[in-house]
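Sequence annotations record features per position, and here TrEMBL assigns (6S)-5,6,7,8-tetrahydrofolate binding site to Leu126, Gly130, His131, Leu132, Glu250. For 13-387, the entry in TrEMBL reads domain 'Serine hydroxymethyltransferase-like'. Taken from TrEMBL, the feature N6-(pyridoxal phosphate)lysine applies to Lys235. Taken from TrEMBL, the feature site 'Plays an important role in substrate specificity' applies to His234.
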Amino acid sequence: MSTPFWGPDFDALQQQDPEIAGVVLSELDRLRGGLQLIASENLTSPAVLAALGSTLSNKYAEGYPGRRYYGGCQVVDVAEEIGIARTKELFGAEHANLQPHSGASANLAAYAAFAKPGDTVLAMDLKQGGHLTHGSKVNFSGQWFNAVSYTVREDSELIDYDQVRDLAREHRPKIIIAGATAYPRLIDFKAFREIADEVGAIFMVDAAHFIGLVAGKAIPSPVSYADVVTATTHKVLRGPRGGMILSRAEHAKAIDKAVFPFSQGGPLMHSVAAKAVAMKEASTPAYQAYTAQVIANAQALAKSLEAEGMRAVSGGTDTHLALIDLRPIGVTGSEAEARSDAARITLNKNAIPYDPAPPMKPSGIRVGSPSVTTQGMVESDMAEIGRLLGRAVKAEQGTPAGDAELAEVAEAVSALVARNPAYPRP
Ligand code: DSN
């Protein structure tokens, strides 16, 4: 290569802006010093970070490769073309758009491609594991569309496909959406496809959470069943923060127009390039092994939390996350989140299906294995994490004994992560 790489130049940042340099280092310390169990996060590779921290960030490139509204796009065109080709190949998709800035932006574009304000959409209830963009009244999806929600069964805590069919027949939605942010089980895409066909609806899968498991061939793919698949690139997939859309060729034009110019302006070309890097990484046997381990680890973690007296919603997990009901141990999700935080274990409080408690003090937590698996942890580590988490969430924070227990757990967490560090020091 004739031109040496220019940036990320951390020394320059430290000199020019020590405050923000300090923040960057503190965050690295936080990642290295604790356990990241947020199911939607991961630890991106240095290659992805290098693409993100590159001069591609400077370029305006409204439009698509070969059809831009700005000059000088010949170089960024190559990045986007490579990214699209890799994505189509990886997922067996007829069309891919890598420009959505986020999962929510991808969903906005997908709605716009197939529905008009006032149309009916059918999606999973936010309180039962669906996403904000699946029809919540505080989001565009609930304000611009007539959003009808399906739920999980109260007994099994699994999606009630009979209810989905009944609601589809009754409301004749324009779009039926499968996908969730806190549903630990596999989704029957074939059943959804059949329901969509019966009522003439577009079938959209929001695969934000599990697209990385699909990339690694660890779970079945929705691509052959869905008209459109929206996703994020930063969860199990381990790319940069961002979104993407896969679709059938017949919908390619509608999708591309809905992203630009309808809902976005200039794409973030450094992020598009970093998505291309992530697709290459996700095409390797090593990544496939990673995704299989992600699932094995989530299952081991759920089991170890059950051994601590908690309950795994739906009895366990088939994916990278588990939803944990804390009522059997008499702790709220917010208490558990705060206590875990004090013990250097990062996770989020979460509502459980049919939660009797309010959203800010829900009955559960959500835990995920993508980050700790990237660090190289395996089932035996997850058993230890479960024991530590059990001690942390039961410690009465604010009492001398509880605080001492949390400090002890924090020490044990430090020892555990030292064996499998995040972003190991060279
Ligand atoms: N915030 C993401 C999650 O944590 O699942 C979804 O957008």
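Using N, Cα and C of the backbone, Cβ positions are placed for all residues, glycine too.
Overlay of TrEMBL annotations on the structure.
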residue	record	contacts (Cβ under 8 Å, 6+ apart)
Leu126	(6S)-5,6,7,8-tetrahydrofolate binding site	Leu132, His134, Gly135, Ser136, Ser149
Gly130	(6S)-5,6,7,8-tetrahydrofolate binding site	Ala123, Met124, Ser149, Ala180, Thr181
His131	(6S)-5,6,7,8-tetrahydrofolate binding site	Gly103, Asn107, Met124, Gly179, Ala180, Thr181, Asp206, Ala208
His234	site 'Plays an important role in substrate specificity'	Ser40, Glu41, Asn42, Thr44, Pro240, Arg241, Gly242
Lys235	N6-(pyridoxal phosphate)lysine	Ala39, Ser40, Glu41, Asn42, Ala208, His209, Ile211, Gly212, His320, Pro370
Glu250	(6S)-5,6,7,8-tetrahydrofolate binding site	none
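Binding residues for (6S)-5,6,7,8-tetrahydrofolate (Leu126, Gly130, His131, Leu132, Glu250) extend across at most 30 Å, taking the greatest CA-CA distance. A 10 Å cutoff on Cβ-Cβ distances gives Leu132 ((6S)-5,6,7,8-tetrahydrofolate binding site) a total of 16 other Cβ atoms nearby, all chains included.
In three-state terms derived from DSSP, Gly130 ((6S)-5,6,7,8-tetrahydrofolate binding site) belongs to neither a helical nor a strand segment and is classed as coil.
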